[in-house]
């Protein structure tokens, strides 16, 4: 153990471990945070897949010669179960910003993660009780996911050197893709095994507990206070960053009236409509319309997210290395490529009845959906600076609204899961994506707002 004196705004004495991860502790933080995001998102996704292999509970329900419908057979009740995550996410967002300001990310993220773990572990029990128990557990799953968007923007601002911001942002946001990559095939394999769908929830819930406990003991809300951060790494992280001068109140009104922020929020609304159609109903579309079997549905739903994660990671590296382009050029390019690709993929799916073409279009849309965050979140980081956690919390809130509305819309527009129903839905989604992104290149800027400039 060594004791190091540090100047200008840092503690006079820091106790540092002799083991400093080759001056790369920040990458351990990044990977551990990625794992937390992945398992947290997995818990909310599992039902989206297992819903296609839970017919045993319907059969058991009717063994007693009951004539009323089980909630799995009622489209409206099933839609509410899908929407439970959105309701929970809204509830979780209410205390989120104050909690981050008062107790920091370390404790807040851990609490939300343990709620997510409990929701997964309790899900099989809730299914054996009734509709309301399942709905309550789905709300808990939503509370667990409500913090994820904020984490994607929050941790890079604290732990990433300025020239690694894009990489951190890309890697952390890959949690949304990795959760699908892991969840869908594992669920498909277990669903068709002798063990059925219930062990999926116990496995994911237990894994969530382990990962979040590890995060709690290793993460620090400030690099300067971390036991394994060397003076060399600390200087890299803090280079070109203005020191934080105590707690600052969030300028809610100024942020909510900023045209740049409003255009970014609108662009993310368009993206989230398309994203939640893909993520919530991708397995259903592949199974009911393209006629994949259960195991095939798992792999077909997961593989596009592999390409999405790869493209996102590559775009993160490029945005860090292409220093000849302005930040505005880079985040506008990422956003427009993603949105045009999303709209194009949905439009092709709406026009074809060929399984191969539809699957390629589905993969194309999922792949490009990921790099939206490389544009929109980067824009908010540059514009809002230390207040980015509020700007991303609003994105999460609007995502919750769409997460609630999308199941109701799909239930109304695709009641029979026919190709014609889905075609009409995909056309609507394409139009929403295009219209929502028109203001983004004209109203956004990479310059920090006046409310974000520290005195």
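Heads up, the Cβ atoms here are built off N, Cα and C, so glycines get one too.
Per TrEMBL, the feature domain 'Major facilitator superfamily (MFS) profile' maps to 29-448. Residues annotated as transmembrane segment in TrEMBL: 21-40, 79-97, 109-129, 135-155, 167-188, 200-219, 260-279, 299-319, 331-351, 357-377, 389-410, 422-444.
Each residue in the domain 'Major facilitator superfamily (MFS) profile' (29-448) has a pLDDT score, and their mean in this model is 86. Taking pairs at least six residues apart, the transmembrane segment (357-377) and the transmembrane segment (200-219) share fewer than three Cβ pairs below 8 Å and do not count as touching. Residues 79-80, 82-83, 85-87, 89-90, 93, 96-97, 100, 142, 146-150, 152-154, 250, 252, 255-256, 261, 264-265, 268-269, 272-273, 276-277, 280-281, 376-377, 380, 383, 425 of the same chain, all 6+ positions outside the transmembrane segment (389-410), place their C-beta atoms under 8 angstroms from a C-beta of that stretch. Note: the stretches the transmembrane segment (167-188) and the transmembrane segment (79-97) are not in contact (fewer than 3 CB pairs below 8 A, sequence gap of 6 or more). Using a Cβ-Cβ cut-off under 8 Å and counting only residues 6 or more beyond its ends in the same chain, the transmembrane segment (260-279) has close neighbours at 45, 48, 180, 335, 338-339, 342-343, 346, 362, 365-366, 369, 372, 375-376, 379-380, 383-384, 391, 394-395, 398-399, 402-403, 406, 410, 425, 429, 432-437, 439-440, 442-445, 449.
Of the candidate ranges 79-97, 109-129, 135-155, 299-319, 109-129 contributes the most Cβ pairs within a distance under 8 Å of the transmembrane segment (200-219). Across the candidate stretches 79-97, 109-129, 135-155, 422-444, the maximum count of CB pairs under 8 A to the transmembrane segment (21-40) is reached by 135-155. For the transmembrane segment (135-155), the residues of the chain that approach it from at least six positions outside its boundaries are 29-30, 33, 36-37, 40-41, 43-44, 47, 80-82, 84-93, 96, 100, 105, 108-109, 112-113, 115-120, 122-123, 126, 168-169, 172-173, 175-176, 373, 377, 380-381, 388-389, 391-393, 395-396, 399-400, 403, judged by C-beta separation under 8 angstroms.
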